[in-house]
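Notes follow once the structure below has been shown.
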Amino acid sequence: MVTTTALEEELLALAGSVPDPELPVLTLAELGVVRGVQLTAPGRVEVQLTPTYTGCPAIEAMSADIERVLHDHGIPDVEVRTVLSPPWTTDAITAEGRRKLAEFGIAPPRPTGPAGGPVAVDLTIRCPHCGSTDTTLLSRFSSTACKALRRCESCREPFDHFKEL
Amino acid sequence: MNVTATPALPLGDDALILSHRLGEWAGRAPVLEEEVALANIALDLLGQARVLLSLAGDEDELAFLREERQFRNLQLVEQPNGDFAHTIARQLYFSTYQELLFEHLAAGESELAPLAAKAVKEVAYHRDHAHQWTLRLGDGTDESHARMQHALDALWRFTGELFEPVEGLEAAPWPTLHDTWTTRITSTLEQATLTVPEGPQRGGWAAGAGRQGLHTEPFGRLLAEMQHLHRSHPGATW
């Protein structure tokens, strides 16, 4: 059992408060990508960060931002380590994170099914602009790997959907 | 160059080389949405390649400083993009294979398991993308049907190599993977009103040869383009 000190809790909250570089409405904590912070020696911490997608180019900016925030908080030696296991899932996005995504014009991911199930593409996805459920898929891949491009048939606006992973 | 003997090397080479091929579509895809989709799939594959090659050595040295004979990727992934149907046929064959292999690896305990468990979810979208396009092209116009069938036939001889046991992964159930692959490909092609190619699944001159470092003629030009900048400006950064 790994115990967490009050300082580690504080540093975890700080690391988690960093905005996502591509979706700045979300914090890294709301995205669910900061796995832990450990004080390994006085003035030295290790942060575990998990990528949304294996090739996510934002991971380097996230690491740099976490290092900067913790340096500013008086930690001279910060190592951000990328961990893959267990794999990140869109279920790790918090309820507050989902609300912010929708407010930002991105349809949040639906809860994922059991592992190994088929890729869900046909269930209703609500338009973040007008709330209509009459939306259609334009492309499985959109502005980033984690989003799909859809169009609302009611208000005719295209929108991004954070697709389930 | 220090290279660790690990199956991460051939699997990383598959991802790297296919990523590069898909990247060649940038600026040339038939519609903007497809340009973005192919670039996103390429990015997923590049992420896999970076993790896998880092298990074998220095990712940049491995990608940019090896000679052709030192690459262990399948010949399938180095095949030129051809028309859009060729790219989709290559995607269908490869993503179906990769999903099955990564499902197997994700269930194991090897050093490849964490990456496989992560990547298999991304690859499910790659396979779905290829599946949907195969349906549209196969069950589309006479022209799209003919081109899709031609592409499937042309790449068929590179599919036998997929199931040659990878060094270090001899224990994987290769014949079972091959059977499941055939079932899935057959199902997609039948839905798309296409015919499963009947020819041999490998050319007599190069059975499983990509894994041994023997590559087809277009691969040299791919490497020249991919490695040129790094070799011309060693150590350059931006």
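From the backbone N, Cα and C atoms, a Cβ is placed for every residue, glycine too.
So that you can see what the record holds, here are the features copied from TrEMBL:
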DOMAIN    A:12-83  domain 'MIP18 family-like'
DOMAIN    A:120-163  domain 'PaaD zinc beta ribbon'
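Across the domain 'MIP18 family-like' (A:12-83), DSSP assigns 23 helix, 22 strand, 27 coil.
Per DSSP, the secondary structure of the domain 'PaaD zinc beta ribbon' (A:120-163) breaks down as 0 helix, 16 strand, 28 coil. Same-chain residues lying 6 or more positions outside the domain 'PaaD zinc beta ribbon' (A:120-163) and placing a CB less than 8 Å from one of its CB atoms are 22, 52-53, 55-56, 90, 93, 101-110, 112-113.
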